[in-house]
Structures are given as structure tokens and as C-alpha cells.
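> From TrEMBL, for reference:
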- 425-443: compositional bias 'Low complexity' (COMPBIAS)
- 446-460: compositional bias 'Polar residues' (COMPBIAS)
- 471-488: compositional bias 'Polar residues' (COMPBIAS)
- 498-692: domain 'ABC transmembrane type-1' (DOMAIN)
- 734-937: domain 'ABC transporter' (DOMAIN)
- 995-1209: domain 'ABC transmembrane type-1' (DOMAIN)
- 1314-1550: domain 'ABC transporter' (DOMAIN)
- 419-498: region 'Disordered' (REGION)
- 88-111: transmembrane segment (TRANSMEM)
- 146-166: transmembrane segment (TRANSMEM)
- 173-190: transmembrane segment (TRANSMEM)
- 210-230: transmembrane segment (TRANSMEM)
- 328-349: transmembrane segment (TRANSMEM)
- 525-544: transmembrane segment (TRANSMEM)
- 550-572: transmembrane segment (TRANSMEM)
- 632-653: transmembrane segment (TRANSMEM)
- 991-1019: transmembrane segment (TRANSMEM)
- 1031-1052: transmembrane segment (TRANSMEM)
- 1126-1153: transmembrane segment (TRANSMEM)
Amino acid sequence: MAQLDAVEAFLARLAMPEVACSLNTIWLDARLLPAYASLVSFPILFTTIASSTSNKSSTEAIGDTAVPQSLRQRIDAFIKQRGGWSIYTFNVVRTLAATTLVGLTIAAIVLSSEEWHDVARGTSQVPLGGGRPWDKLWDCTGRAEVGLLVGYAYAAILALCALVLSGSARASCSFHAALVLFVQFLVFAWRNLLPLAAFEGVPADGTIPWLLWTRGSLVTVVGCVLPGLVPRVYIPYDPVNPAANPAPEQTASLISFLFCGFLEPLILMSYQLPSLPYDKLPPLPDTDWSENLRKRAVTKLDPMVRRQLGLKERHLFIGLTEIFFWDWVKMAVGLMLQVIVGFLGPIGLNRLLTYMEKGGEGATIRPFVWISSIFLAPVLNALPLNLYNFVSTRMAVQGESILAQLIFEHALRVRSTDETAIPDSSSTTPATNTPTAASNIPNGTERPTLNEPGTETDTLVDTDGRESENCESQASTSAPSGTESTRGNKPIDQKTTAHHDVHLSGKINNLFGTDIGNVLSGRDFLVVLLNCPFEAIMAAWFLWIVLDWAAVVGMLFIVVTLPVPGMIGNMMQGTQSRMMQKKDVRAQSVTESVGIIRMIKMFGWESLVKQQLVERRMDEVRYIRLKKLLNIVNMEVGGMLPMVTMIITYAFWTLVQKRELDAARVFSSVPVFEMLRGDMMTMTMLLSNIVEAKVSLDRITAFLRSSHLLDKCQQQADEVSFSREDQQVAGDVIGFHNARFTWAEPSAGVVVSGQRDFCLHLDHLIFKEGELNIIVGPTGCGKTAILMALLGEMHFDKQGVESWFNLPRQHGIAYAAQESWVQNDTIRVGERGLTLSGGQKARITLARAVYSGAQILLLDDVLSALDVHTARWIVSKCLQGDLIEGRTVILVTHAVTLVTPISDNVISMNAHGQVISQGRLDGNLELDPILKEELEESNKTLQIIDKSEEDQNPVESTQGADGKLVAEEEMTEGRIRWATVHLMIEAYGGVFFWVFLTLAYTIAVGCEIVSTWWLAHWAQAYERSTGDVNVPYYLITYIVLFLLQETAWSVAQVFYTFASARACQYVHDALCESVFRSNLRWIDSTPVGRIISRFTGNLSEFDNGLTSLAEIMVRTTLSLVLRLAVILYMTPLFAIPSAVVLTLGLGLGHLYIHTQMSIRRLRSNWRSPLFNHLNAAVAGLISVRAYGAEDSFKAELRRRADAYSRPSRTFFNLARQAQWASTRTDVLRGLFASGLAAYFLYGRMGIGASTTGFSLAVAMEFSGSILTWVRYANMFELAANSLERIRDYLVIDHEPVPTERGKPPAYWPASGAIQVRNLSARYSKDGPTVLHNVSAEIRSGERIGIVGRTGSGKSSLALALLRLVPTEGEVHFDGRLTSDLNLDALRANIGIIPQDPTLISGTLRLNLDPYSQHDDAALYSALKAAGLLPASGVSNSTDLNLDSTVANAGSNFSVGQRQLIALARAILRRTRVLILDEATASVDGDTDAIIQASIRDELKHATLITIAHRLLTIMDYDKIMVLDGGKLVEFDTPWALLQNENGYFRSLVDASGDKQRVFAIAEKAGASAAAR
């Protein structure tokens, strides 16, 4: 340790600076440094002030321009302009102190003129002055004092200027004054404080003590203390738009900033409240405002903006580097400083123990210096770490906002059908015919909603599994609409089937929910690139100094074994990849299952879905367990290698080099070996994060650069115009000429095998301006594609100079999608409009378009979800009303008989997508015989019937005034609840497991403490022994203890891993059982995103976070307790200090955790609105672009991003390594360890160095364990919040549990007879009644039609029969009371085709027969009966077969096709009762007729209950049930109801356009019934 001795000697020389003063060396005197600093400062200051004056910003005039009237107001305004009262008071104190220092320095110069013998005080230094006034000694020392005087005078003048000036000049003067005074303090400290550290050192300026310490006290206060305590002046990021209330971190003093003191008011306030309100959070710094961040980043990251500016494209990482370069520089400085100060502890401990071993012999530095270093090491280590964490987390918040805006703005440019693949985060796997959706989802712990059903882009996705077609012949040979047809002929394994491509919404959600998080988690790459290598170099240097060549041997062992962790890391990466694939498959299944949970409950498929989810969870848990086992191996190897290195080093030192292993070497090297151990573990953990971040950066970059954009967003140089601006077309014509459209550019890439190469070709099609234009045609003919082409959603492939299309936008465009796009906040609408009927959603979508100021309205089949009366009312009062007059309307519709007679331009299309006629109705009838035949009878009966005022308002809302449509996000208050802890205990197997784990870890921790004691015992042997020490005995014993320790660790962790895997499965199964047994009201009032979040984000946090933290908490708690016991045993006197430190540490942790829990909950809750806005925008992407609302949606995203960033910023300030709590516990740690060291040095002088070293090692571990326990307790409780959120979903309202008593006999049901008696229903127990005392009897095999206006209770009756809503009264099904039956038995025997049909991803076979109960012949028969296949069994346009791919939620089928598939599924089940809830609303009339005929043939033995809007559909039924306002108003045969001229049903028939046909069908049906 000669090098450390030399370092100590150097410090002693530094503490006693050369004091000889002469004229030749005076310019090197330290007292002239303030004068030099003043000389450098003055020109810089002058230049700065002159520059700021000449370039004075006009923004200084911004603010309150009112002239203060009173003296107090003038004073307040004057002080405010100079930083406020706190800063101004500091400037006053500094001015007074600097002036006083000027006077004291003048006194020192005067006193230097006294005689030599009057001044000298017998010191070894030259006294102040030198005797006679003009001798050489006076000149030397006097001139040096003049240097101090210059500095003080300059600082006083600047301080005075800071009092009177304002603006940037004041700030510059204040800064330079502080800088000069700080130099003065450094000079004082070096000359007079530093010498006190050496045994022979004395203050250099101590000739006149009172003068020395007076000046020293003043310069310390104004040069060091006050500048660290005074608040900083707020400097706005944008002077034009300053923050009204700056964030505390922007005005915090330097000391408050470094010690996180600016968080204390928030923590103390939060502790006094059960839950912290959002408005009590600190304001978001203006540096983090999304608008400012966008300005800062847009030109560096956005590829479109860069192309517009002529800048070349580059990887996202390069742009982020440019944005955050100086942040990374600050982080690098913080990491370097943290490493350097980290060695203060080992050096101080080495020097202190050396002093004790030698009894102070040869020491030059006083031992209190080394004790101080033990105190300062953790404190100073915390400060640069706080700086690093602050900058790092600020960058995370800013980066999240920047990337969110970047992706969102780019998403608004992407074509809605874009399926461009983005790089996968997982490793390459063998190709299969049906790759899973997991291959497109990155690694991560949280999965958002991938693609919810009901988005308006669902029907626009042309997915894989379709045969490739020749685009040129498309227009004439096949249906061109990718929106309304599907193809496929590949056999697909149902067990592994998933959507080949993630839908656009799923892709963007993945980027938002996973990739942004992955990118931000890689921000610690500097730790791997800089911190760990630099610390390893420093550690090697220190060990070389302490242990010589033995350290080299040990380090060589680490170098040789470095590949071992890499090999294990590769195995972990492969396991992680496979685990993420399994996780993504489960997440996809959960997302889809939850999205169609209503359908699952209607069909009684809960057991099937739960079984599938449980099986997929088991596959995932299997890899979770394997990953944890590999992690144990990795951690053991990473932890053992440095320890084995230490053993090798000690063995080489003692056995080979024959040197003594004294206490100083042992207990100063052990913490350094621990540093190496920590570095290896840190690098192992962070490398995976960095790899994930790199992959996610690649994915985002690929999305930004490779997505298929709308034509108008393309910026390539060879872009062709898609508008008609260069064509000779008069006026604002709307239409096409020789126009060809595809969903993607032909150059976008080779079409994948099985993918359809779709195109639309329109020779000449012009829409009439200011008139009603309608597009009609059979299902699947391409009507929607025309609207998409007009809106620019399809790629325009220009065919020549005469090729054009045009849609003028200067007067506004309004668009109503076929699948209504409804946002949560619109007229109190529930999520995706689930609380509204289909007709209500359609009318809201239509109203949004009609009441907009747009001149052109594009309406896509808005009448299909409405009943006849409501549709007629819409046509009469809306489409023919004043609001539409003079506006251009283009309407796609199947309601031919209602709309075509009032249209000025009818465009008729055939099944192949060809426009066969256009123009006025009379001309079209000659060209289109089918249209002519359909309208002939309609024209005879068409009439507009004036209705009463009541009829003009078809329905009133039944929602109560106080009813909540969407439940508020849950946010618990206070600490984690016992019920959550109990759930975790039970999940792991009960109390016995935790007892065994505690015993195992007690052995492990005990062996660790004993092994440290054994090292002390070994070192003590050299102190006591006069001969040779038995080194092999001590070494082997230490190795045995080490192996026993590691064995106990391994056994405990393996045991824990298997139990945690069981807990993961247990919690998932409980959540799955609870959610799928919930009632319909809870499902409708709980957003799908929240439910999915429990299955993905919260469950992932439980899998990866909580299960790991629970094990760490047990281990850390035992470590804390056992080390405290050792300290009390070794030093009973420290029982009270130990209790104080423990109490304060736990108290700090309690304060911190309470605050952090509240803020985390706020952050989680404010994250939802941000992602809801994203999902809503992507779901309605076409509508947003059609309305031209991109800017408003961007602004709303920025507003929500700021609202989310506010709690995020506070959360990270608190959370990252528990900065506030850790800084204070570090102070406690330093005080405790240094106090114990001082006690052993001065209080128990007879104790040996080995005992001192062991005690200090345990004390440091104990005090560090307090910090560790606080950190992990906080992390545990925060992570437990995820389990708490899961548990909240275990105690929701549930449907009755199946019982043995509720199982019907095997023969039931033998018939489809239903008796209803006084049936009333409501959607919740406390909600309004929606059905009122309905009584009816339905005989087996009867066909019953249910009619009524929109909202009359038709669908509610269907739900009541299935017991999906709370009911009163009795319903008997085949003689059994349905309330006594198990729900699965009831719903399995009552089939239903819901109003909003939904499919599950996989194959058509899986959707028809999920239980595999039927052969292919039966499946094909059902498809034919539903009209999906012609009677011949060969599809001429759809190419459907049983292995055709069904995308997520059936998005590759049109709405009408999805209804037909649902109908085929119901036909196949052949239940005794079948309910059709407007099942043919989205198909054309001819198809509806075919379907009804098939139903009559295929389901003639079943009781059929049909809710219909088309009266013709049900006129041949046995009876018709008429509902109004939830009441049964009429129930009889159709013919009987028609005879009542004043009846409700008769009024509906009279209002329709099919009165004569209705009467004819009813009369015929009545006659047939009478004949039977």
C-alpha cells in the first residue's frame, strides 16, 4: 500500500502550502486569484451586457403594463423585476457582506504596516505584513492582500449593480459576483482550512485570529452557503410564452435541487391527505410542454418535414442524439463524478484501519479526515447520482411526449389499410403458413389494445389469405371492393392461427404502448458504455495499489470468465423471445376475447374461451419460469465471479506472495469487489434493455420511413398529381374520369402470396353538385370503395393526361362511416357507444355530419341500422329537410325503395363493381331492369305520411339523469390493502411457503455475515500471532462458508421461482374467471382498454415486477434485522443510535411511499385519456381526415400529453432510485458509519483494526440496507398496485355461479316453447326499467317477429330472455323456469345473432364450429343456407372456404358478410330457439329474401324470434310482437294486426313504402295458417 501512503503524504503537503513570499513569486500567490478572476470577468461581463442591450427582446414588454399606483405596488413591482423578495434579500445581504469584507481587507493591509515584532506570533509562516511600511516584506504580503481587496471590491460593485439593475444585466452581474466570491472562498479554504487536516498544518493567515475567522466566516456565508440556498430566477423556455407558475425545480436553490428539497412541500402535503388531488401537483415545466418539445424536435425527427427542408433521412437515434446531446453530456459528467467519489469510502476505510494497525506511527493526516470521508462518501455519491437521475428522467418524459406526437402525426398521414411490416423484436423463427400476430409485436411488459372491433377501418383491411388477382381484369371479372369481399384457400391450423398482419390501429398501439417505453428504458446506455467500464478501471487500479500482483491474477480470472455471462445472456434472450411470443399470442387472444365478450356471453362460450386463455397462459408461464431459472443462474454466476476473484486474489496474496492479509487490505478491498459484482449484474440487466430499445427504435424508424402514406402526403420528386387542377374541368366538379385506384402503390412491394391485388377503375362518374346522389348495388360490389377513393384514402394510379378525380374541400367535407365512429365524450356516450343501440349510434354519426358546416356530405349506409319508421323519418325530415338543401350529398345505401325516388342522381352498380347506370331515376330504369322491377311496386305505394308531433320524435332516452355510462377509473386511496396482501399470500400457496422461504434466506444471510466476520478473524490472526498463520485453514473455511451461502441462496430462489410461476397462473385464472363471469352492466360500463390493461400491463407487472420484488423484500428485511443484531452485539452502546437511524430511515420511507403511491395512481389514471384519444383517432382515422380535423386532434393530443406528463414528471423525480428518500438515508448512513468509526477510534481505543473493520462493514451494510429496504419497499408497494388493480376486478358484480341443481336433464330442451309472465328488465339493479311487465306465450316452432321504433326495447327483450340483464317476473323455456337454470345451459340452447356481429380471428371453420362438433359437409351447408355460398357450393366472387382467414374481429369481411357468417353459425348450432337481432340489416333486399327463405327451410323446427327493421322480412311469421317504450302493445298474427286500422303495427306499415306487398304477404300467410 505504498501508493496510498504516498497519496497521504501528498495530501499532507497540499494541506501545508508553501508560504514563503517574495517579489519574484508573488504573482503565484493564491491570494491574487480573486484579482485574476476579476480581470477575466470584467470584459466578459461587459460584452454580455452590451450584447443583451443591443439585442433587447421585445418580449420584455410582455406582462402587466399597468403602472402601479401606491408605493407598496411600486416596491413590489421593483422587487419582482429583480427576482422576488427572496433573491433580492440575498443580494442585499451579499452586498453588505462584500462591503464589510472590503473594509476588513483594508484593515488587514493597514495592520500589515506594523513592526515585525508586533505582528509575528511565532508561526512557521511569514506573518501578515513584514515590519516597516516600505520594506520588501510589506510589499510582498501587502500586495497579496491588495489582490484580495480587488476581488472583494469588484464583487461588492457587482452585487450593488444586481440590486438596481433588472433583466439580463442583473442576472449577469449577480452571476459574476457569485463566481468571484466563490473564488475568494476557495482561496480562504485552501490557505486556512485545508492545513487543519495535517498533523503539522496551521492556517496560513492566522497571524491575527479575529481577522482571519471574521473574514473567513463572511466569505464562507456569501461565497458558498447563501448561493447554495438562494432560489434561482425562473428563465422561460420561450420568452414569448412564459409559464404563469414555474415548476419548483426551475426555481429551486442549488442545494435544494441536489438534495431534492424542492419535493418536500409536495411530500408533506401528500402525507396529510388520503389521496393527492391532481391540481395539487407541481406545474409542468415549460421545457416539457409538448408544443415546445415539438418545435425543438420536429425538424430533427419527422421524415416528411426533413424532406420538405431538403434534409436527408436518417435513423431516429441520430435525431434523438442531436436533441438530447447536452443532456447526455450532463449525465456522463454525473456518472463520472459518481464513480470518483465512490472510492472515498474504501480509501478512507483503508487509511483509518492502517492508522489503527500502526497506532498512528508515520501518519501525516489526522484520522478525523478519514472518518469524514466515510461520512462524505455516500452523501457526495448521492449528489451526482441525483443529477444523473434528474436529467435522465426529464429526458424520459420529454422523449415520451416527442415520440408520441411524432408517431401520432405520422399516423394521420398513413393510409388506413397500411399493412407494412415493421421489424420484429423477437428472434427469427422458422416460417409457417400462418405466422402469428406476435411476430409483429415487440418485447415489452405492457400490451395495449391491438385492434378493437367496431373501428371504421375494420372493413377496409384487405388481409392475407386471399388469392392474388390480376388488377387489370379486376373491374370486369371480379368484385373490386376490398371492403366487402374475402378470399382464401390455404389450410390453417386453428390452434396457432392469428392475423398475419397487425391492423394499423394495432400497429400504432404497439408503437405507443410498447416501443416508446422500450426506447426510454434504454436511456441508461451510458451506464454500460461509460459508468461500468470506468468503475472497473478504477477498481482495478485500487486493487492493484492494495493487493499488488494478486489483484492482477484476480482480474485475469474475470477477463477469462467474461464469456460465461454472455452465454447465459444469449440463452436468456432466446427464452425471452419465446416468452414474448407466447405473451403476445395470449395478449392477442385476450384483446379479441374481451372485445367480443358480449357475444361470448350470449353464446355461453365462457368455458371455451377461459380454457383457451388458461392454456395459452400456461404456455407463457412455462417460459416465465424458465426465464426466472436462467436469471437465477445468471445472477449467481454474475455474483460468484467477483467473489471467486476475491478468493483467488486473497489466496495468491497469502499463499504465493506470502504476504499478510491485514484488516486494512481486507475491508477496503471487499467493497471494491462488491462494486465489480454490482457492475457485472448491472451490465447484464441493462444490456437486454438496450437491445430492446435498439429494436424498438428500428421499428419506429421503419414506421416513419416505410409506411404507405396518403397520396397528398407523398413528397417524392416524381410524385404525380392526383387532383384535376391541371385538367380542363369547369367548376367544383365532384367525380372521376378514367380513374384507377388501389389500396397501395404498385411500387410499394411485391404482393404476398394469397394477398389480393385490388384495384378500382371508374371510366366516368360525375356527382351532381347541390343534389342528393345515391350509390346502390348488391352486397360486395364496391360502393364504400368509391367514397374512399373520393376521400383520397386509396392510391390514385393516374392513367394519362385525361385521368383525374376531384373532391373540392374548400367548403368542407363531412363523412359518416358505415360503422359508427362515436367517441367516449360525445353526448355522454359510453365507450364505443356500447350503451346505445345500433340505430342511435348511426343517428349520432349522421347528426355529426348534417350539423357540420360542410358543403359536401359523404354518407356510407347510415340507414341500415334503423327500423323502417325511423329510416323513413330520417329520409323525410333530414335528407329532404332544410339542413340538406343546397348541399351535395353522396349516399351509399341498401334502402333502395326509400331513397332512390328522392334522389337526383342514382349510380347503380352490378355485383362485379361496374357502374351500369347513372343519372336520374327514369333513365336508369331503362338501363337497369333489376332496379326497375324493384321500384315499380314501390312507386305505387310510396307516400309520405304526416305524423303527429310524438311520431316526429321517435324515441326518448331511457338513461337516468344520474346514470354513469362509463365507470370512472378506479383509484384507491392510502397504502396497499390487506386484501391484496392476502391474495398474494394465497397465490403462493399459503403461509407455509413464506415460512420456509424465510428460514432459507435466514441461513443465506447468516452465512454472508459469518463469512465477513471470518475475514476479520483471519486478519486478526496476523495481529495476534507471532509465527506463521495457518492460511489454508482460514481460506478453506471461508470457501465452505461461501459455498454454503450460495447453496442456500440457490435453493431459496429455485423454490421461490416455482412458487411464483404458480402464483402467476393463479392470479391470471382468477382474473379470467371473474371477468368472464361478470354481468353485462359491468361490461358495458367498463372500457375494454381497462379490462385488457388488467390482463396485459398489470399482469405483466405482477409477472416481472411484483414476484421479483417480493423475494427481494424478504431477503432485504432479513438482512436488515440480522445486521442490526450483530451491531447491537458488537457495540451495545449503539443501540440508541441504531434505533434512531432505523426509525428515521423507515419514517422517511413511509413519507415517500405514501406520496409515490398517490402520484403513481394519478399517472396511471391520466395515461388512459391519452391512449383513449389515440385509439379514438385511429379508430376514426378516415372521419378525422375527411372532416379535416387533424390539427384539432393534434392539439388535443398535446393537451392530454401535457396532462399526463405533469404527474409523470413528479413521479420520476420521486421514483428513480427513490431520490428524495435515498439522499436523506445516505446522510443517515454516513452519520451512522462515521459515528461508529469515531467511537472505535476515540471511545474504545483498545479495540483492534479487524474488529473495527468488521463492525464498520456490517454498519455500512446495515445503513445501506435501510436505504435498500426503503427503495424496494416503495417499489414493492408500487408494483403491488398492479395486483390491487387486478383484485379490484375479482370483486366485481358477477352472474350466478353454476350449480348441480341448475343443470337441466339430458333431454332438455325437447321443444322451443317459451312462456313469459310479467317480465320486467333493467340494465343495472339501480337503473331505470327498460321492459315493463311483458307477458306472452310462444309455442314451439313458431316464428315470432318483434318490431318497434328504435329504442323501444326490442334488443332488451332478447337480452332479458338470455338473462344478460337483471329481470323480474318469470320466463319458462320448455317447461323450466330459466332463473333456475345455469346460465351456460340456458344460453347454449338459445341461439342469437346479435345486432353487431363479431368474429374471432382464425379461420372460417373456427368461427362456425369452435367446439369441432360438425363435419365439413354440415359447415358448407350452413354457409349455403346463409347465402355466403351459392347452391352449387362454388363461390364465384368471394372464394370462401372453411380455411379462409378471418382477421381480428372479422375486419377483412364487410359488415353484411359478418352478419351472414353469424347467421351460418346459428343455423349450424340448430338450437331450439333462435333470436335474430336485426341480423340482415346490412345486406341488400334480395340477399335478405334469400336468407329468410333459408331460415324457413333450415330452422323450420326451431322457435324463431326475429327483431327486424324490414317489415317484409317478418310478414309471413306466425305472430308479431309490437313494442313501444318497453311495453308490449300488440301481439297477434300479422293479418290480425293489419285489420286494426288504429293499431300501432298498422301505423308502421302505413309509414313504410311496401304497404301493398306487406298486406299481400300477410294475407297469404294468414290463409296458409288457416288451411293448416
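Each Cβ is built from the backbone N, Cα and C atoms, and glycine gets one as well.
Help me picture these features in the structure, burial and contacts included.
Listed by sequence, the residues of this chain that lie at least six past the ends of the transmembrane segment (88-111) yet keep a Cβ under 8 A from its Cβ atoms are 79, 82, 119, 128-129, 142, 145-146, 148-149, 152-153, 155-156, 159-160, 162-163, 174, 177-178, 181, 184, 208, 211, 214-215, 218-219, 221-222, 226, 230.
Counting same-chain residues at least six beyond the ends of the transmembrane segment (173-190), those with a Cβ under 8 angstroms from any Cβ of the stretch are 17, 30-31, 33-34, 37-38, 41, 44-45, 49, 91, 94, 98, 101, 148, 151-152, 154-155, 158-159, 161-162, 165, 215-216, 219-220, 222-224, 227.
The list of residues near the transmembrane segment (210-230) in space but at least 6 beyond its ends in sequence, with Cβ under 8 angstroms from a Cβ of it, reads 86-87, 90, 93-94, 97-98, 100-101, 104-105, 107-108, 111, 178, 181-185, 188, 192-193, 203, 253-256.
Nonlocal intrachain contacts for the transmembrane segment (328-349), taken as residues 6+ away from its ends with a CB within less than 8 angstroms of a stretch CB, comprise 4, 7, 321, 369-374, 376-378, 380-381, 384-385, 387-388, 391-392, 526-527, 530-531, 534-535, 538, 542, 664, 667-669, 671-672, 675, 1253, 1256, 1260.
Nonlocal intrachain contacts for the transmembrane segment (525-544), taken as residues 6+ away from its ends with a CB within less than 8 angstroms of a stretch CB, comprise 328, 331-332, 335-336, 338-340, 342-343, 346-347, 551-552, 554-555, 649, 668-669, 672-673, 675-676, 679, 682-683, 686-687, 690, 693.
Counting same-chain residues at least six beyond the ends of the transmembrane segment (550-572), those with a Cβ under 8 angstroms from any Cβ of the stretch are 540, 543-544, 627, 630-631, 633-634, 637-638, 641-642, 644-646, 648-650, 652-653, 656-657, 659, 676, 680, 684, 687-688.
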> Restricting attention to the domain 'ABC transporter' (734-937), give the mean pLDDT.
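PLDDT averaged over the stretch: 75.
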